[in-house]
Amino acid sequence: MTATEQQPIQGEPQQSGSGQPTTTGRDGDTGWRPGLDPSDEARLTQARKEQFAIVEEIPTDNASLGWYSVSCLILNRLIGSGIFNSSSVIFSNTQSIGISLFFWLYGLTMAISGTIVYIELGLTVPRYRLGDGTSKISVVRSGGELPYLNYFIKRPRFLATCLFGVSFLIFGNTSFNSIASAVAVLQASNTKETRGMVAGIAMAVNTFACLLHSMSRKWGIRLNNFFGTAKLAMLFCMVVFGFAQLGKDGSVAATNFDRTTAFSTANSPEEVYRYAEAIILAIFPFSGFHQANYVLAEIQHPRRNFAQVSFFCVALIASLVVTVNILYAAVIPKDILFKPNHDQAFEFFSHTIGRVASRTQTQAICGSFRALSAIGNVIVFTFTAARVKQEIAKEGILPYSLFFASSYSFSVSNGFRRLPPSRSSYQLYSSRAPAAALALHWVVTSIAILATVFGTMELSSPESRFHLSAYYLGIAAFAYGLDLIWFSVMGIGVLCLRLWPGSKWRQKSPIPHTLGVAAAATFGATNAFPLVAIWIPDPAAKFLSNTSDSVIWYAPQTYGIAVLVFGVVYWLCFRFYIYHRKMKAGESLEIVRIPIFWRSPIGELLQLYEIVKVRWTRYIQGEKRESTIIRLTEFGTPGYETRTTSAVSGERISKRVSGARKDT
């Protein structure tokens, strides 16, 4: 029951119907979670019976992500293949120890400032108006940048959703880490790489991750925790290896860090392109700092755990990654360190543990560390990316949106089911997973894997690997199209909210104003510079680094912009289809998203359920009829609730609920 229909019970606001806050009672039907208002229970029960509606349960209590799981989620995402592969490009591009390490500090600065910006957005957006109509509250929501973009860009409708949605659906896959894990496994086993073996192992890793998270949310989280812990230990081991070698022989460090030559630019590029390329590869390993925002609604006590855990983990891993790269420069001689198309990670292991181990053993250890990083990254990003794709489907821009927006429970006897086995009980399962979104993720990733492995030219050099050209093209395009573009928008957007005349953002945000302005300005600038600089041509750099002169220099950024343009085209087609149905058949595409909240004992407002209804509707001779439902969905007007009081007369009552408006 809405707050405008009855007085609050025991003063605890509950979100219901059209985003309208209601209150939770203490007694109620045990078919749903205890404490729900009877009107909310009735809405949920009715929605479960409707053909074109779904009820999504948000994991809370024991099913939610605790501080340790959130920590491992961030650790697992940050420690990926980038820390092994980016260094080769950065050192060879700059031909300078000092400039290379400065770029790693550049990436660290981006990650720290970005973490502050995303903490601010995650704890401030979206916002709901309470039933009294005088105050607003913020509620945490999953989906990463999606709810923040919808807050920034309200008009034209669907534009922000289509731009980000298309970009994430294309770039938000795990193909590159799947391929990296396959190559690492073959390296660890001292097996020669072939196209079939690389593709087979990469597909197996991708399939395993998708099936794992589809069948068991609990075991997916446990495996994420294992990999996060193991990878942190691995990073500490690399630091120990480096310092142990320095204790035995510091001659290389003394030469490389000589004050007169460390910042020498005698052999460095004169144009900005190679530097911009190096910066992008320095940003890439840190780009997973905001993974917790992807699953923010599933975090236990998010206002306490999210901010503290995110900042600590990002600061820790960023510092360790920079330390590892300083050790790269301290133990690898310059003539090897600056060599193009060279594996600097393997050289690091060769110059540390390789002093006491054979080449085969060193290769096995290096490959094992790489495989651990890459496979763990696939596990965690599959988990988080599926939630974002599920949120994109709820926004209604996909065909069959309800199918992809639904969560499914799995059992050996029944397979995947959207409804509980017994329709007499409407209790949902906390272990349900976005299996349809994971299937979509699997398809896109599989296509990208096969295109990368089999769509590249065989290279003649025996030290070149056939997958590297497409691999580095994909990494650069991912960093440009999904990181630089949207990170720049987030930084500039928060800065505008902070400094816009008359803005009240500083009263809404939990971040101090001065810190918020500094973080947003730094975050926006550190991403905007390479976003623009990468387009400045260099006559001496006609091809992308580490691609054996097979990928033209402007290919990654062109790929990223092309995907953005495709998002605009998709939006235009989507809007035209809605307009065409309206003009031709008088049908209106409607969606009703009803979030239901509960205030926890510590005062947090937590979302328990969300009802999503989708239908095409039209009026014929005063009667409201439903046409064939196509699962394309569209937001209804915020702040409105529509009811049909008579199926015969079709009387339609639309009213603005003043105390229920959502700031989208």
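Even glycines carry a Cβ here, placed using N, Cα and C.
If you look up TrEMBL, you'll see 1-35 marked as compositional bias 'Low complexity'.
TrEMBL lists 1-40 with the feature region 'Disordered'.
If you look up TrEMBL, you'll see 97-119 (among others) marked as transmembrane segment.
Here TrEMBL flags 158-176 (among others) as transmembrane segment.
The annotation transmembrane segment is assigned in TrEMBL to 196-214 (among others).
Among residues of the same chain six or more beyond the transmembrane segment (226-246), those with a C-beta under 8 A of the stretch's C-beta atoms are 71-76, 79, 83, 253, 317, 320-321, 323-324, 327-328, 330-331, 348-349, 351-353, 355, 369, 372-373, 375-376, 379-380. Look at TrEMBL and you will find 226-246 (among others) tagged as transmembrane segment.
Residues 58, 65, 70, 73-74, 77-78, 80, 82-83, 86, 89-90, 93-94, 100, 103-104, 106-108, 110-111, 114-115, 118, 121-122, 140-145, 306, 309-310, 314, 318, 321, 377, 380-381, 383-385, 387-388, 475-476, 478-480, 483-484, 487, 526-527, 529-530, 533-534, 607 of the same chain lie 6+ residues outside the transmembrane segment (278-297) yet bring a C-beta within less than 8 angstroms of a C-beta in it. TrEMBL lists 278-297 (among others) with the feature transmembrane segment.
Look at TrEMBL and you will find 309-331 (among others) tagged as transmembrane segment.
Taken from TrEMBL, the feature transmembrane segment applies to 397-416 (among others).
Marked as transmembrane segment by TrEMBL: 437-457 (among others).
Within the chain carrying the transmembrane segment (469-497), a Cβ under 8 angstroms from the stretch's Cβ atoms is held by residues 82, 85, 89, 110, 113-114, 117-118, 120-121, 145, 148-149, 152, 164, 167-168, 170-172, 175-176, 179-180, 277, 280-281, 283-284, 287, 448, 451-453, 455-457, 459, 503, 505, 516-517, 519-525, 527-528, 530-531, 534, 544-548, 550-551, 555-557, 559-561, 563-564, all 6 or more beyond its ends. Residues or ranges marked as transmembrane segment by TrEMBL: 469-497 (among others).
The transmembrane segment feature in TrEMBL is assigned to 517-537 (among others). Note on the transmembrane segment (517-537): residues 106, 109-110, 113-114, 116-117, 120, 271-273, 275-277, 279-280, 283, 480, 483-485, 487-488, 490-492, 494-495, 498-499, 511, 553-554, 556-557 of its chain, located 6 or more positions outside it, place their CB under 8 angstroms from a CB of the stretch.
A Cβ distance under 8 Å defines the sequence-distant neighbours of the transmembrane segment (557-578), meaning residues of its chain 6+ beyond its ends; these are 156-159, 162-167, 170-171, 397, 473, 476-477, 480-482, 484-485, 534-535, 589, 632, 634. Residues annotated as transmembrane segment in TrEMBL: 557-578 (among others).
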Among 97-119, 158-176, 196-214, 309-331, stretch most in contact with the transmembrane segment (437-457) (C-beta, under 8 angstroms): 196-214
